[in-house]
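Let me begin by presenting the structure, written as structure tokens, before commenting on it.
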């Protein structure tokens, strides 16, 4: 179940922008980069699992030390032995994780039984500067996520509703390239329709940022089901079109200019490191967790390749939309109106359920970053200022641009790079140093990453920093050409 959740978490919005990025960069370059970035993402996932085990060991050790101090105090204060034994037995049963209570015997100190979030791990293993940089990275990533979501929903609504009016009924993907200044309904242009939908989206979902919202089980099941139906439908429809000889795509082998966006899209599409504590901790038997996660990554890699290759051979490069689902709102591709509207509006349903959750997560991260021990925020700051600084920037970004491929590319290439490569590598390095300091150099973490040599950590860090330089240089060069 944990691995199914991981699959659902990774295969999200990023996958919908991947076909366009594949077409722009060329199929061979795209496949090689996708496989390499999948491998890198798997490696850093094992680093996070290792850091979680080290964090659990630290917490368990602190509790044992505290218990020992309490026992010493009790024995020196003249409390009877039977009272101490009773108290100690009760305390152990209450504070020891459930799994280790059930197993009896001596549990391994590195057993992952307690959920330790990435922020908590950062505060355990990093210094103050490191903790602030971690929160900065998470906040930038979540802002990017919200901007992508805030743009994706109005774009889908604009494409579906503007194309279904006038003479353009259901011809979104039929080779017709629309400009933002083209008419939508009467005097209203397409860009005006987009901004109207963005305003409606903000008014409907924005208020959730000011309250607490929780993801319900049924919403999760419904969203996952819709996602699977949509992805399978797109692959099958593209395969049918290719098998009938109606394929229009002639993708090139390599286009180096498209690598920047493809890199960002791929990093964004493999993102799961920030949610690993919630996914891995409930799994009861963690002996083969790394092998099972590897299986998950291989399946995701195959799925992404299948989706992207069917897309680039089915559609011409210039007709592939930023949001791949919109290619299927054309009558020539599918003449069943329900399927056309289901795929066209698919991002609207799934993204709308995630937007409030990510907004609340971002708001809480802002609160944690500025929190001082024992201090509380005034009501206005807590209920108005924090939600406002969470909601306004991504909506402004979405108002200025609806270029989803670039939004996903930049979010993945910068903040995604930090969360997926740099933070896990530093967590693995610092947690190893801490473990040796506390437990001695001979102690072996049972969840030690298969990439245990220091070379791999150095390799990930060099790769992460060089990616920052490469992407920045690419943006500067392309801007100077313009």
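Positions of Cβ are set from backbone N, Cα and C atoms, glycine also.
TrEMBL lists 6-52, 119-463 with the feature domain 'Amino acid transporter transmembrane'. Summarising the annotation, TrEMBL assigns transmembrane segment to 27-57, 125-144, 194-213, 225-242, 292-313, 333-362, 454-477.
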* Relative to the transmembrane segment (292-313), which of 27-57, 125-144, 194-213, 333-362 accounts for the most Cβ pairs at distances under 8 Å? -> 27-57
* **Feature contact check the transmembrane segment (27-57) with the transmembrane segment (194-213), CB under 8 Å, 3 or more pairs** => no
* Long-range neighbours of the transmembrane segment (125-144), counting only residues six or more past its ends (CB under 8 A) -> 51, 54-55, 118-119, 274, 358, 361-362, 365-366, 368-369, 393-394, 397, 407, 410-411, 414-416, 418-419, 422-423, 426-427, 430-431, 434
* **Structural state census, the domain 'Amino acid transporter transmembrane' (6-52) (DSSP three-state)** => 44 helix, 0 strand, 3 coil
